[in-house]
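One structure is given below, encoded as structure tokens.
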């Protein structure tokens with residue numbers, strides 16, 4: 001059956017080649033003869049035409065065709081007759097005549113080619129290109145033209161770019177275009193200028209779209225009188241210039257991001273000779289202006305030289321169909337003909353088209369043919385007959401298939417071997433053996449799935465096992481108006497909620513009555529699907545990993561049903577960092593405090609991410625693509641961060657600490673560790689590097705420690721990060737600088753990060769400072785005391801008494817004396833005052849705040865580096881002591 005279809009396809013292709021070769025043979029020759037390129041602009045194809053019907057001979061018509069001259073910028077071929085097409089190629093011999101030039105500032109100028117002097121000029125409006133960008137240094141969304149010959153639109157969002165499926169004009173027609181919180185709008189404005197080619201006077205100007213108060217009114221003064229003068233019988237030549245401005249503007253929730261304009265021109269030249277009604281289009285030019293141009297040659301349109309007394313005959317016509325405003329033409333008049341011998345001259349009695357010239361001409365040969373006219377009669381019947389035969393063969397092939405199925409069903413009761421019941425002629429045993437030979441396929445994943453359930457090891461116990469075979473998908477209608485597809489237990493809705501790499505798309509769906517997010521992957525990437533399914537099963541039941549409820553597959557795709565979440569961490573940060581939505585009253589989400597520090601909610605979300613990494617690393621799984629877009633926020637209950645998108649994750653074998661140099665999957669640009677960019681060995685430390693970037697991203701409302709997206713990878717390799725923006729949070733600087741260490745061996749473990757002072761609660765901070773004070777009060781170790789006293793300059797600036805309120809100084813002076821230059825005395829003060837907090841007066845309690853939150857904030861706001869500096873000293877001297885081990889978990893791993 002397949003061979004028969006292949007033969008039919010080859011017959012169709014051969015018929016198409018024969019059809020096209022005969023039909024367009026002459027057109028192809030003419031196109032090859034006229035092929036040329038311009039270094040000024042790109043001339044579109046097909047070229048515009050102006051049809052002039054024949055006046056005396058019925059059925060004959062004349063057609064003027066605009067097409068590029070070979071090897072000439074802005075020049076066009078002479079017209080050809082539809083009844084007797086000519087193959088003449090006429091080339092200019094010298095630069096005589098005039099030149100229409102377009103400049104970047106929007107000016108049009110007509111220049112005499114002989115004297116090189118301008119004859120006239122006028123402005124068409126603003127400059128041809130504009131590009132205005134917001135002053136925001138963290139612009140992470142832009143749409144631009146790639147500058148290639150195809151002029152495709154590129155959309156860049158959060159460091160990743162995608163080629164949009166529209167051209168510029170199509171994209172503007174589709175606007176407004178909404179992506180997340182970004183709104184892009186477009187406009188197209190066309191302005192028409194009708195200009196006297198001799199004087200440069202604007203006869204008429206019109207722009208679309210226009211304001212309502214301008215509709216019906218003249219856009220240029222004295223337009224009616226100028227139009228009357230153009231029709232008064234003077235031998236005026238006309239140039240029609242159409243300027244089209246395409247503008248794109250984008251904003252992010254009302255805040256302007258960028259806008260730019262691209263301009264294109266269309267110019268048409270009409271010659272009026274001897275009589276007011278004698279008008280013909282002699283040339284046409286189109287050119288696209290690049291969206292950003294600072295300098296360069298002007299765009300040119302060559303006009304005919306009318307200084308010659310020689311003339312050729314132009315046929316009379318009754319109307320000009322391409323220009324509605326022009327009046328009927330009268331009997332034939334003579335146009336100026338270039339000087340020289342053996343030029344082409346066509347008589348009006350021959351019903352042929354005159355060669356309306358651009359510049360002077362050189363001799364040319366003319367050859368006429370009627371092959372195009374004869375085609376419709378010679379090839380119409382054979383083509384129809386061939387199509388009829390192929391349709392009959394296709395129907396016959398389908399009939400044979402149905403007959404075969406009928407025979408199999410008829411003989412089914414008489415068959416003893418159940419293997420022969422497969423209508424495809426393949427036994428079930430053979431199919432299973434063939435499937436078992438697939439490597440890294442979904443079958444292996446399913447077997448691993450079942451094995452984990454049987455072992456009862458606590459991982460993946462709640463996930464339902466799936467069938468090895470692919471299901472047939474059926475379309476279903478849902479009560480909420482959505483359409484969907486049913487694949488096994490899974491229903492995939494048509495509503496798309498996200499996209500990923502390798503053709504991955506995420507849809508809304510339901511699995512066994514539960515709302516889920518359905519991740520659809522191509523079966524050609526089944527190794528990615530298998531890896532993600534395997535690692536999701538292994539990490540199931542952890543609250544900080546997105547749960548997988550099951551998976552299904554059909555002939556084309558693999559569908560993974562995942563826990564439905566509210567949004568990604570990137571979406572949450574971007575939304576709440578915008579002033580109208582940040583810390584909005586009446587909502588239960590507050591990510592940053594009034595002083596700009598991360599709130600308890602945001603600290604919990606970051607701690608959830610760390611907890612998820614701790615769980616993966618404990619199972620030997622390296623995520624390898626950690627970024628805000630791959631961290632999801634739970635939909636139900638309090639905010640909780642969950643790790644997702646484990647398509648390129650890697651599970652280490654026992655006793656392994658890294659992936660080889662040839663490991664596949666290298667994460668996302670801007671979030672990869674330097675060893676990933678260099679394709680080196682990949683250990684758990686690559687997740688810690690990405691975590692450092694993610695923590696910085698959360699604290700700074702979407703900033704990145706390595707700058708803008710286009711420079712991040714280079715700065716990561718060169719270790720050029722900037723933490724200045726978080727300098728007011730010393731604990732964050734201490735942690736992030738460790739996580740971004742270029743040496744993976746020096747990066748801390750995920751367990752260490754989870755217990756770092758950056759994530760400590762106020763109660764734990766106060767407990768650590770009090771335990772440290774108790775420790776140094778009972779010791780005579782000079783090394784420890786000297787180390788603590790050595791941080792006084794960085795911790796409080798040598799005199800901590802200057803930064804305390806007078807009421808607190810008066811209260812502490814009643815009991816004992818303190819040295820304002822001693823770190824040990826400052827820690828003693830914190831320990832004593834926290835222990836006697838209940839004895840304070842109401843005024844002093846109000847000054848210090850509640851215990852422990854307000855109390856810790858009072859001292860940390862005055863001595864921001866005290867906690868982290870004391871932590872560094874105690875980590876070096878006392879981290880192995882039992883009393884301090886709870887503060888330094890994971891630091892020695």
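Residue numbers in this text run from 1 along the chain shown.
Glycine is no exception: its Cβ is also placed from the backbone N, Cα and C atoms.
Now, the feature entries from Swiss-Prot:
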BINDING   497, 498, 499, 500, 501, 502, 503, 504, 505, 519  ATP binding site
DOMAIN    491-759  domain 'Protein kinase'
DOMAIN    762-890  domain 'KEN'
CARBOHYD  105  N-linked glycosylation site
CARBOHYD  158  N-linked glycosylation site
CARBOHYD  259  N-linked glycosylation site
CARBOHYD  351  N-linked glycosylation site
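For the glycosylation sites 105, 158, counting C-beta atoms within 10 A of each C-beta gives the highest total at 158. If you compare every pair of Cα atoms in 497, 498, 499, 500, 501, 502, 503, 504, 505, 519, the residues listed for ATP, the longest distance is 16 angstrom. You'll find the Cα of residue 499 (ATP binding site) roughly 14 Å from the Cα of residue 158 (N-linked glycosylation site). Of all the glycosylation sites in the record (105, 158, 259), the one with the smallest CA separation from residue 501 (ATP binding site) is 158. Rounded to the nearest whole angstrom, the C-alpha distance between residue 158 (N-linked glycosylation site) and residue 503 (ATP binding site) is 19. Long-range Cβ contacts of residue 505 (ATP binding site) within its own chain (separation 6+, distance under 8 Å): 496, 498, 499, 519, 520. Of all the recorded positions given, namely 259, 501, the one with the smallest number of surrounding CB atoms inside 10 A is 501. Checking each of the recorded positions 259, 497, 503 against residue 105 (N-linked glycosylation site) by C-alpha distance, the shortest gap belongs to 259.
Residue density at residue 497 (ATP binding site): 15 other Cβ atoms are found within 10 A of its Cβ, drawing on all protein chains shown. Using a 10 Å Cβ-Cβ cutoff, residue 503 (ATP binding site) registers 12 neighbours. Model confidence over the domain 'Protein kinase' (491-759) is summarised by a mean pLDDT of 86. Every protein chain shown contributes to the tally, and the Cβ of residue 499 (ATP binding site) ends up with 10 other Cβ atoms within 10 Å. A distance of 31 Å separates the Cα atom of residue 503 (ATP binding site) from that of residue 259 (N-linked glycosylation site). Residue counts for the domain 'KEN' (762-890) by DSSP state, with H, G and I taken as helix and E and B as strand, are 92 helix, 0 strand, 37 coil. On the backbone, the CA of residue 497 (ATP binding site) and the CA of residue 259 (N-linked glycosylation site) stand 28 Å apart.
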